[in-house]
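Swiss-Prot annotations:
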REGION    1-240  region 'Pyrophosphorylase'
BINDING   8-11, LYS22, 87-88, GLY152, GLU166, ASN181, ASN238, ARG325, LYS342, TYR356, ASN367  UDP-N-acetyl-alpha-D-glucosamine binding site
BINDING   ASP119, ASN238  Mg(2+) binding site
REGION    241-261  region 'Linker'
REGION    262-454  region 'N-acetyltransferase'
ACT_SITE  HIS353  active site, proton acceptor
BINDING   ALA370, ASN376, TYR377, SER395, ALA413, ARG430  acetyl-CoA binding site
Amino acid sequence: MNVSVVILAAGAGTRMKSHIPKVLHKICGKEMLFYSIDEALKISDDVHIVLFHQENVIKERLLCAYKQAYADGALHFHLQDHAHYPGTGGALMQGQNAGANAKKPFCYQYDEILILNGDMPLVCSQTLKSLCQNKAQIVMSVLHLQNPDGYGRVVMESGVVQRIIEQKDAKESELLIKDVNAGVYKIHKSILDLYLPQVGNANNQQEFYLTDVVFYAKENGIEIAALEVKEEEFMGVNSKIQLACAQEIMLQRLREKAMEQGVIMNLPHTIYLESNVTFSGECIIEQGVQILGDSHISDSHIKAHSVIEQSIIESSDVGPLAHIRPKSHIKNTHIGNFVETKSSTLRGVKVGHLSYLGDCEIDEGSNIGAGVITCNYDGKAKHKTTIGKSVFVGSDVQLIAPLNIESNVLIGAGSTITKDIEYGDLALSRVAQQNIKDGFFKFFSDKNEEKKEQ
């Protein structure tokens, strides 16, 4: 679309009570601001982010995540002159460094300007598109709420916006109004050019309000179109409570999307998914499962209370109570309860229970017994274990990396393996067992004598 998008992300977010910038708090594994940017980039190739508080931290994160969009000129950054021009209107002004143009808007590629907030992670591009398709010179989003506390009130007559009043400046009678400003606008560039420089800060907060642009336009006979929107989409996140509420809504969206793609979910409200998780084929996800990061699950069964982090699971069953940690690739494999993997590739393997497999590669047909551990860390560095095809590793075996175990190898239970094993070998590493005649009676007889002496 031929529209420029401005995302306001300059606020301090003090109600979050956190050293982390408000817009970088995560919802389903993704920064709040990233949701707004992603939806904006779906409809525009000219997106502007206005920053101030902790702007270096936010900008660094954005440049890392949106390197290509920035290189292509689709993403731009502006630093608000907060000292001289605070507020939502001030966020659109060039600031004191621009001299005579201090209160003029920034330069945009298109005539239609869509303005939204960086703390609205639930807004959808389709709704933004609806705002932009309205031909009015000013279109604003309006919510009808039973409890409008915290929002600016919208005074309307016959469906037409008359003015907007910030809550802190509202009279008692105006606080009863249920129509509120959802905070997203589409404004023609000519309106901003004309009325933004007229905005002052003679209000209780001594801030420059974007809503005053709407007021001046209305005073000069320009009709303000209102688009009623859903509260769920336009919910602002200003506190940890609102953050949790937004995450619940996002989680439900992610679950429904997965189920629409054919995923079976047992007790879906107990399942946690992050935003970059993908599925393909027929999958079953049981209750209490967490799937995090850029994980991909294909034709697999993830059993109850398992955790999958940043990994690929293909044609496998995992769990219950398994932990697949980052950089694991599990294919055609059975992983049972209390098995943990990390940075490992398993192809056609059986790992029944109670094992840790880190920094290893195991080939098809191999069986890993209970209690097997790859000892991959020597206190200074990680080392790799490689296990070939059709290897049988007995229970309670410690594999001291670096280690190469070739195919068709048998390792006896209880062994500590420190050397490579060649094709077809049997490896044993145990202290010889001794059975001491009547040792039980002698041991406890000595204990009883000690008690008598005391």
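Backbone N, Cα and C define each Cβ position, glycine as well.
Here the structure is a predicted model, which means the values were calculated and not measured.
Feature map: annotations from Swiss-Prot on the structure.
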{"residue": "LEU8", "record": "UDP-N-acetyl-alpha-D-glucosamine binding site", "DSSP class": "strand"}
{"residue": "LYS22", "record": "UDP-N-acetyl-alpha-D-glucosamine binding site", "DSSP class": "helix"}
{"residue": "THR88", "record": "UDP-N-acetyl-alpha-D-glucosamine binding site", "DSSP class": "helix"}
{"residue": "GLU166", "record": "UDP-N-acetyl-alpha-D-glucosamine binding site", "DSSP class": "coil"}
{"residue": "HIS353", "record": "active site, proton acceptor", "DSSP class": "strand"}
{"residue": "ASN367", "record": "UDP-N-acetyl-alpha-D-glucosamine binding site", "DSSP class": "strand"}
{"residue": "TYR377", "record": "acetyl-CoA binding site", "DSSP class": "strand"}
{"residue": "SER395", "record": "acetyl-CoA binding site", "DSSP class": "coil"}
{"residue": "ALA413", "record": "acetyl-CoA binding site", "DSSP class": "coil"}
{"residue": "ARG430", "record": "acetyl-CoA binding site", "DSSP class": "coil"}
Compute the C-alpha separation of the residue listed as 'active site, proton acceptor' from THR88 (UDP-N-acetyl-alpha-D-glucosamine binding site), stating it in Å without decimals. 57
Residues outside the region 'Linker' (241-261) whose C-beta sits under 8 Å from one of its C-beta atoms, at least 6 past its ends, are 16, 25, 27-28, 32, 121-122, 232, 235, 268-269, 271-275, 277, 279-280, 285
Note down the number of other Cβ atoms within 10 Å of the Cβ of HIS353 (active site, proton acceptor), including every protein chain shown. 17
Of all C-alpha pairs drawn from the acetyl-CoA-binding set ALA370, ASN376, TYR377, SER395, ALA413, ARG430, the farthest apart lie at a distance in Å of 22
With DSSP, how much of the region 'Linker' (241-261) is helix, how much strand and how much coil, in residues? 20 helix, 0 strand, 1 coil
Restricting the comparison to the binding-site residues LEU8, ALA10, LYS22, GLU166, which residue's C-alpha is spatially nearest the C-alpha of SER395 (acetyl-CoA binding site)? LYS22
By CA-CA distance, flag whichever of ASP119, ASN376, TYR377, ALA413, ARG430 among the binding-site residues is nearest to LYS22 (UDP-N-acetyl-alpha-D-glucosamine binding site). ASP119
For ALA413 (acetyl-CoA binding site), the same-chain residues 6+ apart in sequence with C-beta under 8 angstroms from its C-beta are GLY369, GLY394, SER395, ASP396, VAL397
What is the separation, in Å, between the Cα atoms of ALA10 (UDP-N-acetyl-alpha-D-glucosamine binding site) and ASN376 (acetyl-CoA binding site)? 45
Residue pair ASN376 (acetyl-CoA binding site), ASN367 (UDP-N-acetyl-alpha-D-glucosamine binding site) - Cα distance, angstrom, rounded: 19
Taking the Cα atoms as reference points, how far is LYS342 (UDP-N-acetyl-alpha-D-glucosamine binding site) from ARG430 (acetyl-CoA binding site) in Å? 28
Return the single residue from the binding-site residues list (THR88, ASN367) that has the minimum number of other CB atoms within 10 Å. ASN367
Between ASN367 (UDP-N-acetyl-alpha-D-glucosamine binding site) and ARG430 (acetyl-CoA binding site), how many Å separate their Cα atoms? 21
Binding-site residues compared (ASP119, GLU166) - highest count of Cβ atoms within 10 Å: ASP119
Please give me the CB contact count at 10 A for LYS22 (UDP-N-acetyl-alpha-D-glucosamine binding site), counting all chains in the structure. 24
